[in-house]
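Among the features that TrEMBL reports, transmembrane segment is placed at 6-29, 36-64, 70-93, 113-138, 158-177, 209-228, 240-262. Residues annotated as domain 'G-protein coupled receptors family 1 profile' in TrEMBL: 18-260.
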(Lines of atoms letter the chains of each structure in order from A and count residues from 1; the text may use other names and numbers.)
(Lines give C-alpha, C1' and ligand atoms only; values in the text may rest on other atoms or scores of the structure.)
Protein backbone atom coordinates (compact mmCIF):
# COMPACT_ATOMS: atom_id res chain seq x y z
CA UNK A 1 0.00 0.00 0.00
CA UNK A 2 1.40 3.36 -1.02
CA UNK A 3 1.98 5.80 1.88
CA UNK A 4 0.64 8.55 -0.39
CA UNK A 5 -2.65 6.71 -0.82
CA UNK A 6 -2.87 6.24 2.94
CA UNK A 7 -2.27 9.98 3.41
CA UNK A 8 -4.99 10.81 0.86
CA UNK A 9 -7.42 8.40 2.54
CA UNK A 10 -6.68 9.89 5.97
CA UNK A 11 -7.13 13.40 4.57
CA UNK A 12 -10.42 12.35 3.00
CA UNK A 13 -11.64 10.99 6.33
CA UNK A 14 -10.76 14.25 8.10
CA UNK A 15 -12.37 16.31 5.33
CA UNK A 16 -15.58 14.28 5.52
CA UNK A 17 -15.79 14.56 9.31
CA UNK A 18 -15.10 18.30 9.41
CA UNK A 19 -17.60 19.18 6.71
CA UNK A 20 -20.22 16.85 8.19
CA UNK A 21 -19.97 18.98 11.34
CA UNK A 22 -20.64 22.14 9.30
CA UNK A 23 -23.67 20.56 7.64
CA UNK A 24 -25.00 19.37 11.00
CA UNK A 25 -24.75 22.88 12.46
CA UNK A 26 -26.50 24.41 9.46
CA UNK A 27 -29.23 21.75 9.44
CA UNK A 28 -30.06 21.86 13.15
CA UNK A 29 -29.92 25.67 13.52
CA UNK A 30 -33.17 27.25 12.23
CA UNK A 31 -31.68 30.75 12.23
CA UNK A 32 -29.09 29.72 9.63
CA UNK A 33 -31.46 29.66 6.67
CA UNK A 34 -30.29 32.74 4.76
CA UNK A 35 -29.01 32.38 1.15
CA UNK A 36 -25.41 32.92 2.25
CA UNK A 37 -25.60 29.91 4.59
CA UNK A 38 -27.10 27.83 1.80
CA UNK A 39 -23.96 28.55 -0.23
CA UNK A 40 -21.77 27.60 2.71
CA UNK A 41 -23.79 24.39 3.01
CA UNK A 42 -23.28 23.68 -0.68
CA UNK A 43 -19.52 24.09 -0.23
CA UNK A 44 -19.54 21.82 2.84
CA UNK A 45 -21.57 19.15 1.00
CA UNK A 46 -19.17 19.26 -1.96
CA UNK A 47 -16.14 18.92 0.30
CA UNK A 48 -17.86 16.14 2.27
CA UNK A 49 -18.39 14.20 -0.96
CA UNK A 50 -14.80 14.91 -1.97
CA UNK A 51 -13.59 13.38 1.28
CA UNK A 52 -15.82 10.34 0.77
CA UNK A 53 -14.54 10.12 -2.81
CA UNK A 54 -10.95 9.91 -1.58
CA UNK A 55 -11.89 7.12 0.82
CA UNK A 56 -13.87 5.32 -1.91
CA UNK A 57 -10.94 5.60 -4.31
CA UNK A 58 -8.66 4.00 -1.71
CA UNK A 59 -11.18 1.20 -1.12
CA UNK A 60 -11.58 0.52 -4.85
CA UNK A 61 -7.83 0.38 -5.37
CA UNK A 62 -6.82 -1.78 -2.41
CA UNK A 63 -9.87 -3.48 -0.91
CA UNK A 64 -12.04 -4.43 -3.89
CA UNK A 65 -11.14 -7.85 -5.22
CA UNK A 66 -11.37 -8.54 -8.08
CA UNK A 67 -10.81 -5.00 -9.44
CA UNK A 68 -13.85 -3.47 -11.10
CA UNK A 69 -13.65 -0.92 -13.93
CA UNK A 70 -17.16 0.31 -13.14
CA UNK A 71 -16.21 0.95 -9.49
CA UNK A 72 -13.02 2.73 -10.53
CA UNK A 73 -14.93 4.98 -12.94
CA UNK A 74 -17.63 5.64 -10.33
CA UNK A 75 -15.03 6.66 -7.72
CA UNK A 76 -13.29 8.91 -10.25
CA UNK A 77 -16.63 10.44 -11.23
CA UNK A 78 -17.47 11.14 -7.58
CA UNK A 79 -14.17 12.96 -7.13
CA UNK A 80 -14.68 14.97 -10.32
CA UNK A 81 -18.22 15.98 -9.38
CA UNK A 82 -17.31 16.81 -5.77
CA UNK A 83 -14.25 18.93 -6.50
CA UNK A 84 -16.07 20.66 -9.38
CA UNK A 85 -18.93 21.50 -7.02
CA UNK A 86 -16.45 22.71 -4.40
CA UNK A 87 -14.78 25.14 -6.80
CA UNK A 88 -18.15 26.29 -8.19
CA UNK A 89 -19.47 26.82 -4.64
CA UNK A 90 -16.43 28.95 -3.86
CA UNK A 91 -17.15 31.00 -6.96
CA UNK A 92 -20.82 31.31 -5.96
CA UNK A 93 -19.81 32.56 -2.49
CA UNK A 94 -17.51 35.10 -4.14
CA UNK A 95 -20.29 36.34 -6.41
CA UNK A 96 -22.67 36.52 -3.43
CA UNK A 97 -20.16 38.61 -1.47
CA UNK A 98 -19.68 40.93 -4.41
CA UNK A 99 -23.43 41.44 -4.95
CA UNK A 100 -24.04 42.01 -1.23
CA UNK A 101 -21.72 45.01 -1.42
CA UNK A 102 -22.41 46.21 -4.94
CA UNK A 103 -26.23 46.07 -4.57
CA UNK A 104 -26.42 46.59 -0.82
CA UNK A 105 -29.85 48.28 -0.92
CA UNK A 106 -31.61 45.68 -3.08
CA UNK A 107 -29.54 42.59 -2.26
CA UNK A 108 -31.91 41.05 0.32
CA UNK A 109 -34.98 41.53 -1.85
CA UNK A 110 -33.36 40.18 -5.03
CA UNK A 111 -31.35 37.29 -3.58
CA UNK A 112 -34.18 35.30 -2.05
CA UNK A 113 -33.78 31.79 -0.66
CA UNK A 114 -35.78 30.34 -3.57
CA UNK A 115 -33.57 32.05 -6.15
CA UNK A 116 -30.41 30.85 -4.40
CA UNK A 117 -31.78 27.29 -4.17
CA UNK A 118 -32.48 27.29 -7.91
CA UNK A 119 -28.96 28.52 -8.71
CA UNK A 120 -27.36 25.96 -6.39
CA UNK A 121 -29.45 23.16 -7.91
CA UNK A 122 -28.43 24.19 -11.43
CA UNK A 123 -24.78 24.31 -10.37
CA UNK A 124 -24.96 20.82 -8.85
CA UNK A 125 -26.64 19.38 -11.94
CA UNK A 126 -23.79 20.76 -14.04
CA UNK A 127 -21.16 19.32 -11.70
CA UNK A 128 -22.92 15.94 -11.59
CA UNK A 129 -22.81 15.97 -15.39
CA UNK A 130 -19.05 16.46 -15.20
CA UNK A 131 -18.83 13.54 -12.77
CA UNK A 132 -20.70 11.27 -15.18
CA UNK A 133 -18.24 11.83 -18.02
CA UNK A 134 -15.86 8.96 -17.08
CA UNK A 135 -18.78 6.52 -16.95
CA UNK A 136 -20.05 7.78 -20.32
CA UNK A 137 -16.80 6.87 -22.09
CA UNK A 138 -14.53 9.84 -21.39
CA UNK A 139 -11.81 7.64 -19.92
CA UNK A 140 -8.52 6.04 -20.90
CA UNK A 141 -9.07 2.49 -19.65
CA UNK A 142 -9.02 1.16 -23.23
CA UNK A 143 -6.01 3.28 -24.27
CA UNK A 144 -3.49 3.67 -21.46
CA UNK A 145 -1.26 5.92 -23.58
CA UNK A 146 -3.94 8.63 -23.54
CA UNK A 147 -4.16 8.72 -19.72
CA UNK A 148 -3.41 11.90 -17.82
CA UNK A 149 -2.07 12.10 -14.29
CA UNK A 150 -5.75 12.04 -13.26
CA UNK A 151 -6.33 8.44 -14.31
CA UNK A 152 -8.78 7.40 -15.75
CA UNK A 153 -9.27 10.91 -17.19
CA UNK A 154 -7.65 11.42 -20.60
CA UNK A 155 -4.96 14.04 -21.23
CA UNK A 156 -7.27 16.18 -23.36
CA UNK A 157 -10.05 16.15 -20.77
CA UNK A 158 -7.59 16.92 -17.95
CA UNK A 159 -6.31 19.90 -19.97
CA UNK A 160 -9.87 21.20 -20.40
CA UNK A 161 -10.52 20.85 -16.66
CA UNK A 162 -7.26 22.61 -15.78
CA UNK A 163 -7.88 25.54 -18.14
CA UNK A 164 -11.47 25.89 -16.86
CA UNK A 165 -10.19 25.94 -13.30
CA UNK A 166 -7.59 28.62 -14.05
CA UNK A 167 -10.26 30.77 -15.71
CA UNK A 168 -12.55 30.40 -12.68
CA UNK A 169 -9.68 31.38 -10.39
CA UNK A 170 -8.99 34.47 -12.50
CA UNK A 171 -12.66 35.41 -12.23
CA UNK A 172 -12.61 34.92 -8.44
CA UNK A 173 -9.51 37.08 -8.13
CA UNK A 174 -11.10 39.86 -10.18
CA UNK A 175 -14.28 39.75 -8.08
CA UNK A 176 -12.36 39.89 -4.81
CA UNK A 177 -10.36 42.87 -6.05
CA UNK A 178 -13.65 44.61 -6.83
CA UNK A 179 -14.93 43.66 -3.35
CA UNK A 180 -11.89 45.27 -1.75
CA UNK A 181 -12.35 48.46 -3.79
CA UNK A 182 -16.02 48.74 -2.80
CA UNK A 183 -15.27 47.99 0.87
CA UNK A 184 -12.47 50.57 0.96
CA UNK A 185 -14.73 53.17 -0.62
CA UNK A 186 -17.46 52.50 1.93
CA UNK A 187 -14.94 52.68 4.79
CA UNK A 188 -13.61 55.99 3.48
CA UNK A 189 -17.10 57.48 3.23
CA UNK A 190 -17.92 56.40 6.80
CA UNK A 191 -14.57 57.72 8.02
CA UNK A 192 -15.16 61.12 6.44
CA UNK A 193 -18.54 61.37 8.13
CA UNK A 194 -16.99 60.67 11.53
CA UNK A 195 -13.80 62.67 10.89
CA UNK A 196 -11.52 59.71 11.53
CA UNK A 197 -10.23 59.31 8.00
CA UNK A 198 -6.75 57.96 8.67
CA UNK A 199 -7.64 55.48 11.41
CA UNK A 200 -10.74 54.03 9.76
CA UNK A 201 -9.14 53.78 6.34
CA UNK A 202 -6.03 52.07 7.72
CA UNK A 203 -8.13 49.56 9.70
CA UNK A 204 -10.35 48.80 6.71
CA UNK A 205 -7.35 48.39 4.43
CA UNK A 206 -5.62 45.95 6.80
CA UNK A 207 -8.76 43.85 7.26
CA UNK A 208 -9.55 43.82 3.55
CA UNK A 209 -6.03 42.84 2.55
CA UNK A 210 -5.80 40.14 5.23
CA UNK A 211 -9.11 38.59 4.18
CA UNK A 212 -8.19 38.76 0.50
CA UNK A 213 -4.77 37.23 1.15
CA UNK A 214 -6.24 34.42 3.26
CA UNK A 215 -8.91 33.42 0.73
CA UNK A 216 -7.01 33.78 -2.52
CA UNK A 217 -3.63 32.77 -1.09
CA UNK A 218 -4.94 29.51 0.36
CA UNK A 219 -6.90 28.65 -2.75
CA UNK A 220 -3.98 29.42 -5.07
CA UNK A 221 -1.37 27.56 -3.01
CA UNK A 222 -3.56 24.46 -2.81
CA UNK A 223 -4.84 24.26 -6.38
CA UNK A 224 -2.73 26.27 -8.86
CA UNK A 225 0.39 23.99 -8.81
CA UNK A 226 -1.76 20.88 -9.32
CA UNK A 227 -3.79 22.54 -12.10
CA UNK A 228 -0.69 23.65 -13.99
CA UNK A 229 0.97 20.25 -13.53
CA UNK A 230 -2.09 18.39 -14.82
CA UNK A 231 -2.05 20.70 -17.83
CA UNK A 232 1.52 19.86 -18.88
CA UNK A 233 2.16 16.36 -17.48
CA UNK A 234 0.94 12.92 -18.51
CA UNK A 235 0.85 9.42 -17.06
CA UNK A 236 4.52 8.81 -17.91
CA UNK A 237 5.62 11.32 -15.26
CA UNK A 238 6.68 9.88 -11.85
CA UNK A 239 3.66 9.29 -9.63
CA UNK A 240 5.36 10.97 -6.67
CA UNK A 241 4.98 14.35 -8.41
CA UNK A 242 1.25 13.82 -8.79
CA UNK A 243 0.80 12.73 -5.19
CA UNK A 244 2.88 15.60 -3.78
CA UNK A 245 0.68 18.13 -5.63
CA UNK A 246 -2.66 16.34 -5.24
CA UNK A 247 -2.37 16.15 -1.44
CA UNK A 248 -2.26 19.96 -0.92
CA UNK A 249 -5.17 20.31 -3.37
CA UNK A 250 -7.30 17.93 -1.31
CA UNK A 251 -6.28 19.78 1.86
CA UNK A 252 -8.13 22.82 0.49
CA UNK A 253 -11.35 21.00 1.36
CA UNK A 254 -9.98 20.68 4.89
CA UNK A 255 -9.30 24.42 5.08
CA UNK A 256 -12.54 25.64 3.49
CA UNK A 257 -14.69 25.11 6.63
CA UNK A 258 -12.23 27.15 8.68
CA UNK A 259 -12.30 30.08 6.23
CA UNK A 260 -15.95 30.09 5.21
CA UNK A 261 -17.83 28.47 8.12
CA UNK A 262 -15.99 28.48 11.44
CA UNK A 263 -14.96 32.15 11.07
CA UNK A 264 -18.62 33.16 10.76
CA UNK A 265 -19.93 34.47 14.12
CA UNK A 266 -23.40 32.95 13.66
CA UNK A 267 -21.95 29.49 13.09
CA UNK A 268 -19.51 30.03 15.97
CA UNK A 269 -22.45 30.79 18.28
CA UNK A 270 -24.21 27.59 17.22
CA UNK A 271 -21.06 25.56 17.82
CA UNK A 272 -20.56 27.06 21.28
CA UNK A 273 -24.19 26.39 22.16
CA UNK A 274 -23.92 22.79 20.96
CA UNK A 275 -20.63 22.13 22.76
CA UNK A 276 -21.02 23.92 26.08
CA UNK A 277 -24.45 25.56 26.09
CA UNK A 278 -23.10 29.11 26.25
CA UNK A 279 -21.95 31.94 23.98
CA UNK A 280 -18.73 33.89 24.74
CA UNK A 281 -19.28 37.58 25.35
CA UNK A 282 -16.87 38.44 22.53
CA UNK A 283 -19.18 36.71 20.06
CA UNK A 284 -22.47 38.00 21.43
CA UNK A 285 -21.30 41.60 21.15
CA UNK A 286 -19.60 41.29 17.79
CA UNK A 287 -21.48 42.70 14.77
CA UNK A 288 -21.62 40.54 11.67
CA UNK A 289 -20.16 41.94 8.46
CA UNK A 290 -20.05 40.76 4.88
CA UNK A 291 -16.46 39.64 5.35
CA UNK A 292 -17.58 37.06 7.88
CA UNK A 293 -19.34 35.00 5.19
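The backbone N, Cα and C atoms fix where each Cβ goes, glycine too.
TrEMBL labels come from automatic prediction, so no person has curated them.
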- Query: When you scan the chain for residues with a C-beta under 8 Å from the transmembrane segment (113-138), skipping those not six or more beyond its ends, what do you find?
  - Reply: 33-35, 38-39, 42, 46, 70, 73-74, 76-82, 84-85, 88-89, 92, 152-154, 157
- Honestly, do the transmembrane segment (158-177) and the transmembrane segment (209-228) touch, with at least three Cβ pairs under 8 Å and pairs 6 or more apart in sequence? yes
- Message: Which range wins on Cβ pairs under 8 Å with the transmembrane segment (240-262): 6-29, 36-64, 209-228?
- Response: 6-29
- Query: Between 0 and 100, where does the mean pLDDT of the domain 'G-protein coupled receptors family 1 profile' (18-260) sit?
  - Reply: 85
- Which bits of the chain, at least 6 residues beyond where the transmembrane segment (36-64) starts or stops, bring a Cβ under 8 A of a Cβ in it? 1, 5-6, 8-9, 11-20, 22-23, 26, 71-72, 74-76, 78-79, 81-83, 85-86, 88-90, 92-93, 96, 100, 113, 116-117, 120, 123-124, 127, 250, 253-254, 256-257, 260-261, 264, 266-267, 293
- Item | Same-chain residues near the transmembrane segment (6-29), Cβ under 8 Å, at least 6 residues beyond its ends | 37, 40-41, 44-45, 47-48, 50-55, 57-58, 243, 246-247, 250-251, 253-254, 256-257, 261-262, 267, 270-271, 274
